[in-house]
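Undergrad: Can you keep this structure in mind? I'll have questions shortly.
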Amino acid sequence: MADQKPLTSSPEKATEAGTTTNTTTIPQAQAQAQIQDDYVVLVEAKHAADTEHEMTLLRAIQLYPKAIGWSVLLSSTLIMEGYDLALLGSLYASPVFNKKFGELNPATGKYAVSAAWQSGLSNGARAGEIFGLIFAGWAADRIGYKKTTIASLGLMIAFIFVLFFAPNVKVLVIGEILCGIPWGAFQSVTPAYASEVAPMVLRPYLTTFINICWVIGQFFAAAVNKGSVGRTDQWAYRIPFGVQWVWPIPILAGLVFAPESPWWYVRHNRREEAKQSLLRLTSRNQPGFNVDETLAMIEHTNELEKQLKEGVTFRDCFRDIDLRRTEIVVGIWLVQTLGGQNLMGYFSYFLTQAGMDPSNSFSLSMGQYALGMVGTAGSWFLMSRVGRRRIHFSGLCAQFCLLVIVGCLSFGGNKASVWAIGGVLIAFTFVYDFAVGPVTYCLISELSSTRLKAKTIVLARAAYNASNIFVNVMTNYQLSSTAWNWGARTAFFWAGSCLLSAIWVFFRLPEPKGRTFAELDILFEKKVTARKFRKTKVDPFDLRSHGEKKMSLEKMESHEGKEIED
């Protein structure tokens, strides 16, 4: 036995018989060190996750005030899209706009933009947004959320010139397509950034603030149109277009100093920069906060998703467990278009077609959007106590009932019924902004995996915009006096699609409330059904599995040691 060489790749040689030999191979030593490092990261990650679960709203505000500010600044880019979305629908009720870009209707003796051109204008922006979403999905992964948004803001400032100086409806359509490109980028970047820069307790507030930004934009569109509808010159429509320059310049000036998402840095193996980003997002010298533990939680979640075979390409969104996650996020966005919400953007036009004076319709629009802001703020209180799934499903059921009421009121045929329709649509806006609207942004940011978040949101929002093309065409033809002229009976059609959406939500939408990203990864990996998500317990930080792995390695080393001695 003294002449037998030890079976080891260690550089240490066995010298004399009876001397102690090092029986630990280099690969075993490396594996043991890796297990020890993983164990330390896991312990820190678990402690950070436990801290997040226990964190109160007040504590989160004290710890992450900078993250709140940067997220709010980035989300405010969507004010511009909300503004334009409501602007076009309101301008269709403007006599000067119709005379400039429309045609004379012999039957009514009034100028009107035809249903075909209305569809072109609305869908031009949607088509541009799809291109913008694809660009943002590619750019956000490579250069980050911050630089993608800065580039999009620069494009926005340039493209507004096309809208402002458009000499005819054809150029106006081109302007809408071009402006849609940065709007599409904003749609993708803002919810992803909001969900990654703050802890779990702040996620619903920061992601649903995006809905407030939409409503703020819609409110300003109604207010600007209300102020300019009395004008009889070109400024009746040029002022509303020019106001869009108010938003991008100050946002761009502030965004230059914003930190990038720490999750983005971790996905690109830039650990030190991720740590610096976390420090810039949090308050200094806060007791109970450990930046290394929070970073360990982000790294553990990223590694967990790698182990679950989650890649970072668009193709990976349709593989294995991510196929279900993509279907859910896309479905949530499609519900946004099929639940009758399109009637809110056409509120003034809808009421004008029903027989209301344009000035009064703009006044009611302002009331509608003001109530929408109140509703979104109220949703913050609701989401802290009730699950997202229940809010979303209940909101769709309420919308269905209100749409049926609007359709029934269409048979009234008098002024009282028109005002009643306006009142019910305002109630519809409140319900939407209290339930379905804001909770959508929270759901899409939570239910997509962190490694595929930007791309999943891109696919979902692209599907939303594509479906919006269909919805806009249908709505324009349903409401236009030069086409089908359904008037308020249009609500019956969207009540049917709203009912189908509610059925899908009941069977397919899971409950992510109170879950970390790692916990959601495990729930999807175990294929837990949507209705059992809330009650199923999972532990993504299972210390026992690491203990078993360590024991297995030690047992293997002991076995090899015995072989050497023999």
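Even glycines carry a Cβ here, placed using N, Cα and C.
Pulled the feature table from TrEMBL, pasting it below:
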- 1-12: compositional bias 'Polar residues' (COMPBIAS)
- 70-513: domain 'Major facilitator superfamily (MFS) profile' (DOMAIN)
- 1-22: region 'Disordered' (REGION)
- 148-166: transmembrane segment (TRANSMEM)
- 172-193: transmembrane segment (TRANSMEM)
- 205-225: transmembrane segment (TRANSMEM)
- 245-266: transmembrane segment (TRANSMEM)
- 328-350: transmembrane segment (TRANSMEM)
- 362-381: transmembrane segment (TRANSMEM)
- 393-412: transmembrane segment (TRANSMEM)
- 418-444: transmembrane segment (TRANSMEM)
- 456-474: transmembrane segment (TRANSMEM)
- 486-507: transmembrane segment (TRANSMEM)
Undergrad: Find the average pLDDT over the domain 'Major facilitator superfamily (MFS) profile' (70-513) in the predicted model and report it.
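TA: For the domain 'Major facilitator superfamily (MFS) profile' (70-513), the model's average pLDDT rounds to 87.
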Undergrad: How about long-range neighbours of the transmembrane segment (205-225): same chain, 6 or more residues beyond its ends, C-beta under 8 Å?
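TA: That would be 57, 67-68, 71-72, 75-87, 90-91, 93-94, 190-191, 194-195, 197-198, 239-240, 243, 344-345, 348, 362, 365-366, 368-370, 372-373, 376-377, 379-380, 383, 433, 437-442, 445-446.
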Undergrad: Hey, which of 148-166, 245-266, 418-444, 456-474 has the most Cβ-Cβ pairs under 8 Å against the transmembrane segment (172-193)?
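TA: Comparing 148-166, 245-266, 418-444, 456-474 against the transmembrane segment (172-193), the winner is 148-166.
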Undergrad: In the same chain, which residue numbers or ranges, 6 or more beyond the ends of the transmembrane segment (148-166), come under 8 angstroms Cβ to Cβ?
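TA: Cβ under 8 Å, 6 or more out: 74, 77, 80, 132, 136, 139-140, 172, 174-176, 178-179, 181-183, 185-186, 189, 238, 241-242, 244-245, 248-249, 251-252, 255-256.
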